Every structure is written in structure tokens, then in C-alpha cells.
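Take a look at the structure set out below.
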């Protein structure tokens, strides 16, 4: 008895199995790309735009007709793209304009110094060039250390120093210097133009939008922290164990100052887009951010008080428990209301809805120590008084915060409810 094996069927099954494996692999790759795109879409878009800018500038070197016009100076266009291309449109625009201004001023000053130095002979030429480079470098560097100048014009001053030094010490004749300056200025201008076009016209990333969104979301972070603190206070005193309080949100708000200042500076350079005009009050966002950091600096000691090893007895805790929880919920709702008003660009009626609620909370917290702490031991009284004092200070600061948000709505012309 013999067994017949159909080889063609086995080959067909193997072929189908290979096809299935390929389809599974492609599906997995596509799934990975989709998930990655959802999480890093803006970064991917920025990377593609940067690569496109490099390709466009490289054409000046790769295409002979264009190369004949710009020559070896095309490297300055490439350097310009690499140095000024930034994630946000405002940052690219500011760096581009500052690089252009710095190049013009530095190149013009360098040419003027080089031309004047030729009249002093060989030895005098060296002395004049050396002195001018020293003076310009020292003065410009000192200006870079002034905070207000460093924050806005640091990049332009750095380009001025670089261009002035390169042109002044080149040692070329007047006609050569002028030709070199013209070529470099043209190629740098091409690089700046390519950066601005690709960054502002192709899926632009606005620093103003980022600052607006981040500021509004920080209200929710702090609201969650306050509510978690009060919930943890209730759980610890009811012997339910310690609830974890996530203070990472507080830490991120506390360390946000430099990022906010950079975003506000970039936003001032951005053209009119959406509801953000040229005179949009970005400084108000910085003031609100500073107040948020002050609130954060109060929430963190509140968390430390609640999770401290020394705890008050249940008899002392019960009378103030309800008021503290109510205060936490009210503060959380108020903070979220303020954050939503900024995010949705609508005015909040702080004098009608928020101020009375905050005043009521502050009054209840102020009365508590006089009513409940007289019969307690000194240590327990101190612990409770410390926590209540922090809560009262948070309420007062949130009231100031609500006032600032209301002023922002008026200045920025937010929509009324």
C-alpha cells in the first residue's frame, strides 16, 4: 500500500502561509506607525519640514545653473537652515530676522573698519583691526549679559560678532570684501526665505497656541492636586491609609517659567493667526503663570502637612473635616472654571460667580481655629492651624488669579458667556 503526497498542494499552502505572514508584518508595521504618528505627529511634521528645507537649499549646490550664481557661498545657506530652523514658527521667524539684521550690521561694520584700516599702513592695519575686534566683541558680549537684551536679541548679537570678525580679519581688498559680503548676504537671505516659507506656510506650529494651551491646562493640574490633598486628608484621618498624592503636575508648573518666557517671546514675533493679533497680551499670560507657580508653592507644603508623621486625633479632625473637603472641592471647581475660560477664550464672571464663593470659603476657614482649637493640645493645634493657614492663603491667591484671568478676558476680548 502506497501513500500519495500532492506536492502542488503543499507549495500552495506554503505560499499562502508566507502571504499571511507578510500581511501580518505589514499590519503590525502600519499599526506602529499609526500609534507613533498619533503621539508624535507634530515632531514628525517638523522633521519632514526641516528635511525639505535642507533639500531645497541643497539644490543651489546640486544644480549647475544655480551654483554658477551663488558659488561656494551656498554653504552659508545650509548653515542658516541648520541654525535658525526651529519647532515654532515664531522662533524661526525671530532667528531669521535677527540673523539677517546681525549679518547686515556685522558685515557693514566689518567692511567699514577694513576700508578705514587700509589707510593706516601695514602695521596700523593690524592694530586697527585688532582693536576694533576687541572693542566690538567686548561691548557685544556685555550686552548679551543684560537679561532684557539676552532674552530677545541674543542670537542677533552673536551673529553680529561672528560676521564682523570674519569680514574684518579677512584681509581682502575693498572690492573683494564687498563682493564677499554680497554673496554671503544673498545666500543667507535664501536660507532665511526657505525656512520662513516652509515653517510658516506648511502646517505651522504656533508658540502662541502652545502657551495658551499650556497655561489653561495648568489650572486643571493644580485643581487635581488640591482635590487629591483634601481626599488624602480625609482618608488618613479616617484610618483608611495614606492615599498617594501625585505632585508631578505641581512640579511641572513650578518649573515652567523659562519655557513660558521663551514661548511668549516667540509668540510676539508671529504674524496674525486665529484670534492672536500683533498686540495680543502675552505678558498677561506670564503674570498668570507666575501666580500659578505661587499657588503651586503653597500646595506642596499643604501636601507635606497632610502626609506628615504627626497626625491629629479623630476628635480634633472630625469638626474641620467637612469644611476642608468643601474648601478643596470649591477650589478645584474654581480653578477648572478659570482654566476652561482661558482655553475656550470666553469671559468668566469672577465678580458674580467666583469671588462670593471664595469669600465664603475663606470666612469658614478663618472661623474654624477660634471654634475648634481651644480645647486641643498645643502640638495638634499648631498642626491644624498650619494647614488651615495654607488653605486660607491658597484661597486668597486664587482670588487674585481669578481677577487676572478676568482682566485677560477684557484685554484679549474674549467672548461673553
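Numbering starts at 1 and runs along the chain as it is shown here.
Cβ coordinates come from backbone N, Cα and C, glycine included.
Check TrEMBL against the ranges 44-63, 124-143, 224-243 and you find transmembrane segment recorded for 44-63. The range from 2-24, 186-208 that TrEMBL describes as transmembrane segment is residues 186-208. The stretch from 44-63, 75-93, 100-117, 155-174 with the most CB pairs below 8 A to the transmembrane segment (186-208) is 75-93. Tertiary proximity for the transmembrane segment (100-117) is limited to same-chain residues at least six positions away from its ends with a CB under 8 Å from its CB atoms, namely 124-125, 128-129, 132, 136, 155-168, 170, 172, 174, 177-178, 181, 184-185, 188-189, 192.
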